[in-house]
């Protein structure tokens, strides 16, 4: 153990982090490699790692060290370097690490062990309860689990000192500094602009044809995907891509693992899922490796993470400039399959807009409405304006209002998502927050570099990635979400850029 | 923690075991999946897991529990159930667990931490020193590492209470109960029978042709291998096979992972390497799952493990009965590649005998001579009959005497194997011990089941596997190596069955 208190704190943080990365690898392996009958054994391994990780993260010495370290630097928490000397920067870095480590530490030590165990047990039972209820499309079978999760979420917020602001606490866990009030303001403005656009596109006679993509061999899809993701900047010397049932991105530091899935008759789905995960992977690969295990080496939250995946998936990879470069390469891999598909048909398919009841199948225009619906329901549940029993009816009414569609059953309505079975409230808003941030970053970086389209047309994404590296990735957890956006874009987060982006991309295709 | 002392001991053992399995998975993933530039990060993860595993295995409570438990059951260590009641069997099981846990515990707690660290540092430095020395074929550059490893090996034996019987201790670590004296007797008899056989085959005009196997596509090799390994009995619901640079088998309990490598122009090499690993895998899959984490769920030692891999690789899979079933299936996968290869040419290639300086390239007849050479040199080194400086000359002289070949350089002589760079003395003999045990088991089971050949000709290996399950696999670490052999075969371990097996298999091919 180093003699210096700060160094000792960092040693503790890195130890807990390393255990977390091992647990993460067990999880990745479970999704990618685990033999069919090895699940019980893996569950034991994972439980032991979780126990050790928890013990490392709650080591009493971390609390003692934080107490010592907080005194001399407490007035540096809002520190801004003047001359920018290395020593000042170092002091500022330490202040960030201490501030964020305190936040993490309190979150793990202020929750009693039996509360944590109860929540874990409930989540496991609720997951199976949800899966069974969804199969039978019977919300009433899931309702008791959701009631209990709501009660635990309120109790958790109280333990952490948030009083009755339980939903704000849930939101803050995913996006530091964000609140239900701030989200309400952002989402209200977004809704006002989005609903008319969606209605107009729905009334358009233009329809993308995705049924024309048949018989794309997996081996060639894999090669094309490798080409795309490498050109976007994913470093395969520090990561890999594999196949799993649901695509995800896992890992830390020098070992980032993405997954995808392939469907011979739906190559665009795999491609865009993978680019989405690549966006997450590029962010993780861009976090400062030297700070790995400390908050400076960690991502800034769910919304910022999602802004990276969405920016690469949507703003970049659904653009004409992207396809100017990749269309010939796509056709080279699949000459016969694409022979009868025109360039405009391909581009329209890439930018298909069509309403659906299912969030995960949704296009990027409708997607935000699915989130607004979930946020509004979560907000009302926590505010006591809505009971769990009233949830299906409220879901269906909001679905009709926002999407123009009423679920034919709970299975494709209120029971469609897994999140609530794990008590993950305040998680859904991050997706829409990510979309707003992505669009605002997009207009900022394009104003700064008018040559971005020309870059993309050459298959060069390094200028964009370099800017994201400097402005987002290398900042780690230094700033809360809204402050990060303000610093990078020069203005407060606003939905107007997302609305402008959607208008500029989709109006020429559907409203001509 | 359970109240009962024995149950508490088992809980401790299982915890250490589970940490070991996680460390094992990290190692497997490193060989199979790790991105090129992620090695440093993996080294940190593995070091932390090793630290935790060591802490769990040396928990002082294990010592306390063993002290408590050893008193009432000490007279049961040589216990033999009479009526075979469940309670008696349970008591006998507990006695085995306590006895073996004591052995393991002493081995980890009696070594001072700084000694363990010194050996780990030396092994790391010696590995790189060995690799560099091998590249330059310069033994003198490796000699200081080997000197130091020898000194540490003697020190380790002294710590463990073996006095100056350092080589016996090294052997016992791999094969419980075995000694240099016993090995000398076995190997002397083996050598007397083996050298004349090898000389006679070398003088034979018959030559196997392995250069006729060209252009075997990997995908079809993979399918054929899957077919073979499944029919041998490997359970892919509790294991998998992947590709790595060097084939190995890793894992425990319900998750056994083998690796192989493919070469389009050498399909038999991949096939037999994989069957070898399958033999290891079948043993691990046959250990009692309910006893996982305790000595009753662990293998009986290196020699017994090797007996399983060798029996499946050699006795079973190089037999005419095996190929009676698999030759048509092999030809079906590779009709063009095998069109000009007769059945006899194929069978002779499967049973190629040709001297080589390199142990790992050796056929099963010569292989034992490579081991006799290494054992004799290790024995002399530990006995002080040979200095490290004299090793290359002694190696070359023994190589000429046993193999009829003198290494042209240290690279293909004394520096060829990695083992000594890790201080792994007493490891090589296990390979030859495994061959002897495999042959003795082979004659035992064939005497019991004359229908085995007929089974194999139908692609059915279940009768053999069932017998191994009951007699070897399910015994775990209950018996020391020689006692296990005695119990299963009804006589003391002897090299005569290995000699008889080699004579019966190879004389008809080469000495007709």
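Using N, Cα and C of the backbone, Cβ positions are placed for all residues, glycine too.
All TrEMBL annotations are machine predictions without curation.
Taken from TrEMBL as is:
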type: ACT_SITE; residues: B:277; note: active site, proton donor/acceptor
type: BINDING; residues: B:276, B:280, B:306; note: Zn(2+) binding site
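Features per TrEMBL, on structure.
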residue : record                             : Cβ within 10 Å
B:276   : Zn(2+) binding site                : 22
B:277   : active site, proton donor/acceptor : 25
B:280   : Zn(2+) binding site                : 24
B:306   : Zn(2+) binding site                : 25
Of B:276, B:277, B:280, B:306, chain A-adjacent recorded positions (C-beta under 8 angstroms): none
Cα-to-Cα gap, residue B:306 (Zn(2+) binding site) vs residue B:277 (active site, proton donor/acceptor), nearest whole Å: 10
B:276, B:280, B:306 excluded, remaining Cβ within 8 Å of their centroid (Zn(2+)): B:249, B:277, B:279, B:305, B:308, B:309, B:310, B:312, B:313, B:434
